[in-house]
Amino acid sequence: MKHIIHASGNVNGTARNNSDCPHVALPEEIFFIISITGVLENLIIILAVIKNKNLQFPMYFFICSLAISDMLGSLYKILESILIMFRNMGYFKPHGSFETTTDDIIDTMFILSLLGSIFSLLAIAVDRYITIFHALQYHSIVTMHRTIAVLSIIWTFCIGSGITMVLFSHHVPTVLTFTSLFPLMLVFILCLYVHMFLMARSHARNISTLPRGNMRGAITLTILLGVFIFCWAPFILHILLVTFCPNNPYCTCYISLFHVNGMLIMCNAVIDPFIYAFRSPELRSAFRRMISYSKCL
């Protein structure tokens with residue numbers, strides 16, 4: 001969504017005329033380093049699940065899906081930084097056909113990162129709900145075949161939606177659709193949490209007998225969701241302000257923080273793997289085995 005994702009430069013030009021807020025710029029090198037770190041961390045998560053059979057369960061497949069989403073967000077920024085660098089060196093034209101196509105592909109990756117994160121978190125939330133309240137039927141309800149089918153549907157939808165949003169990014173309905181997915185996801189998970197809370201109160205004794213791992217997974221989801229909201233909400237607000245009030249002095253003050261909001265998104269990809277590792281003993285054991293194996297080579 002080039003006129004939105006990359007709109008800060010144009011908007012900030014008018015912002016200086018309507019607002020006293022200075023544009024907050026961050027060095028591209030910082031974005032690049034954080035993005036590289038995010039790619040490597042999430043790649044380690046994915047490799048750990050692929051190489052360890054004791055991690056090949058639905059919950060970890062959904063975590064892999066979230067890791068792929070985070071990795072796409074980091075790759076987006078890496079490729080964008082490289083494109084900007086070559087453009088500044090004069091190798092690319094500002095509005096050439098190759099540059100425009102490349103820009104569309106990069107923007108699609110960014111949208112895939114957001115959509116993939118949203119639906120992966122939804123899948124994890126539903127998985128945790130079934131784990132807690134249908135523990136005895138969990139393995140018959142959440143099978144590997146169904147997990148793969150759900151993930152295939154999620155990513156097919158995300159790819160189709162991402163391409164569509166980039167093609168029609170200059171239309172306001174597209175922007176509204178893009179931004180509405182974020183609050184809709186929050187409302188759905190909030191309703192799920194309220195239902196889980198009410199069910200927990202009426203089934204307190206049964207829940208207290210559940211394995212600690214089941215509740216640990218629910219707490220991990222809560223932490224992941226909190227980090228996701230904290231890191232993405234400022235950028236979603238940025239998109240709305242750029243679309244509906246780009247010349248308002250108060251809006252332009254917030255829009256001037258574009259780089260800070262972008263930095264938060266990059267940080268999300270770095271923070272999530274630490275949450276997985278800190279909350280999951282199985283992943284920590286897998287990491288130790290991978291490190292021991294690499295030392296033996």
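Cβ coordinates are placed from backbone N, Cα and C, and glycine is handled just like the others.
Look at the topological domains in Swiss-Prot: HIS23 and ARG279 end up on opposite sides of the membrane. Disulfide pairing as given by Swiss-Prot: among CYS251, CYS253, CYS245 connects to CYS251. By a simple count of nearby Cβ atoms, those within 10 Å, the most crowded of the disulfide-bonded residues CYS21, CYS251 is CYS251.
Each residue contributes its Cα atom, and for CYS21 (disulfide bond) and CYS251 (disulfide bond) these two points are 10 Å apart.
Sequence-distant residue pairs (6 or more apart) of the transmembrane segment (24-49) and the transmembrane segment (257-278) include at least 3 whose Cβ atoms are under 8 Å, placing the two stretches in contact. The average pLDDT computed over the topological domain 'Extracellular' (1-23) stands at 54. For the pair CYS253 (disulfide bond) and CYS245 (disulfide bond), the Cα-Cα distance reads 11 Å.
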